[in-house]
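K.L.:
This is the structure, below, for whatever I ask next.
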């Protein structure tokens, strides 16, 4: 393991940590902002300076009923205004449970669009970053990704409006595109052996899982006890350390283009086997993408959790993803990556369907654990397969193919939250989970086609020529045998 590998591991962890930290904070924060605005409008509309002679509505705090009272002009002018009796406000529920009203349901759409903005921008940026890494190398795009993510983190810390939060989340998409494409491409180029590459990418995905593991609970706990700004400022300080490490290890001032021209992005996108691998990444991650914005709101509606529990609910998925990526980074190569991905897709579908069956936060442990573990199986299998398919069927330059892999990842995280928020509002959270679960189960059999993908004839000839030990023995009908290879010498009859 060289220094560049550890820097990629570190950058993947920090990149995912920066993008996952806002997840439990934003739904509760936006709801509190919208609720305060609604309360302000309501208090202003219930001002005592209402015109006389009109009907006024009085809401009883005792039985939540509404009474209409008619005030005549004489009553309003002759008699002095009697002050309203002061009522003792009951203590706020310790769980901070909001009302299951239209305002809460509307948060599904707002939060979904906010979360999807990162993946949408990342989806647009990836086709440019992939070819760019082929021309200038991987170091400069990775460092540029760090700088952009640092700026977006500071914006999250000090933004108080939905527009600024949306802009900060969109900037994260540009930074993530630079970091993810450059990082995976660097690993694929450094580790040319398929098994070593699978192990390296699996460990890097484990670093990504660490960011997922730490981000949501850290963000939710800090938001509960310190406030919204503090977790992002701490994250910015850690990001500075990451940038200093990149300057020391990667030296991003140097331009290091690839020695050969890679296959065009359009040609790679026409490869059906690459599309199947990309589809597996997309639909598997779409499950967790739909879960991330919708689950906290569903919990607020049905379970009345504390704020810190909104992030802790994702801990089982994060831990199991970390376990799955590290186990199947090695095991997938032995059992067959196609089989590992097929089983993972089935497990994702079954686990995500079971999520709405939970009655409390403890009931989420098993299905969330299954979702994370299964996605770890898919990611640790399909990411190395993308590089293997390029080696087998195209030119061994990896920036563009991992741009496609990141596009697939982003399609899941762009379509998932945006469509998921609308679906959850229209037909409910349980049906949302059922739909994406069935989609994953139906897609799983396509992974069988990756069992033995055919090689490009020209590429196979190059691979055969480069292997000095590869020899083919042919036998004639007269019993004479010949040895075909680099040293072509006829053998004597046996």
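Quick reminder: no glycine exception, Cβ is built from N, Cα and C everywhere.
Predicted automatically and left uncurated, TrEMBL annotations should be read as such.
Sharing the features that TrEMBL gives for it:
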type	residues	note
COMPBIAS	72-95	compositional bias 'Polar residues'
DOMAIN	49-455	domain 'Major facilitator superfamily (MFS) profile'
REGION	72-97	region 'Disordered'
TRANSMEM	143-165	transmembrane segment
TRANSMEM	171-191	transmembrane segment
TRANSMEM	198-218	transmembrane segment
TRANSMEM	230-250	transmembrane segment
TRANSMEM	271-291	transmembrane segment
TRANSMEM	311-331	transmembrane segment
TRANSMEM	338-358	transmembrane segment
TRANSMEM	364-389	transmembrane segment
TRANSMEM	401-423	transmembrane segment
TRANSMEM	429-450	transmembrane segment
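Give me the lay of the land around each of these features.
P.N.:
Sequence-distant contacts of the transmembrane segment (171-191) (same chain, at least 6 residues past either end, Cβ-Cβ under 8 Å): 2, 4-5, 8, 11-12, 15, 18-19, 117-126, 129-130, 133, 138-139, 141-142, 144-149, 151-152, 155, 197, 199-201, 204, 258, 383, 387, 390, 397-399, 402-403, 405-406, 409-410.
Outside the transmembrane segment (271-291) by six or more residues, the chain places 115, 119, 317, 341, 344-345, 348-349, 352, 355, 371-372, 374-375, 378-379, 382-383, 385-386, 389, 393-394, 401, 404-405, 407-409, 411-413, 415-417, 419-420, 432-433, 436-437, 439-440, 443, 446-447, 449-450, 453 with a CB less than 8 A from a CB of the stretch.
Beyond the transmembrane segment (364-389), the same-chain residues lying 6 or more positions past its ends with a Cβ under 8 Å from any Cβ of the stretch are 184, 188, 194, 197-198, 201-202, 205, 209, 271, 273-274, 277-278, 280-281, 284-285, 287-288, 291, 295, 313-314, 316-325, 327-329, 332-333, 337-338, 340-341, 343-348, 350-352, 354-355, 357-358, 398, 401-402, 404-405, 450, 453.
Within its own chain, the transmembrane segment (401-423) has Cβ neighbours under 8 Å at 108-116, 118-120, 122-123, 126-127, 129-131, 173, 177, 180-181, 184-185, 188, 265, 268-269, 274, 277-279, 281-290, 292-294, 382-383, 386-387, 389-390, 394, 431-432, 435-436, counting only residues six or more beyond its boundaries.
Counting residues 6+ beyond its ends, the transmembrane segment (429-450) has Cβ neighbours under 8 Å at 272-273, 276-277, 279-280, 283-284, 286-287, 290-291, 294-295, 297-298, 337-339, 341-342, 345-346, 348-353, 355-356, 385, 416, 420, 423 in the same chain.
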K.L.:
What residues elsewhere in the chain lie close to the transmembrane segment (311-331), defined as a C-beta under 8 angstroms and at least 6 residues from its ends?
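P.N.:
For the transmembrane segment (311-331), the far contacts come to 23-25, 198-199, 201-203, 205-206, 208-210, 212-214, 216-221, 288, 292, 295-296, 299, 305, 340, 344, 361, 364-366, 368-377, 379-381.
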K.L.:
Let me know the model's mean pLDDT on the domain 'Major facilitator superfamily (MFS) profile' (49-455).
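P.N.:
Looking only at the domain 'Major facilitator superfamily (MFS) profile' (49-455), pLDDT averages out to 79.
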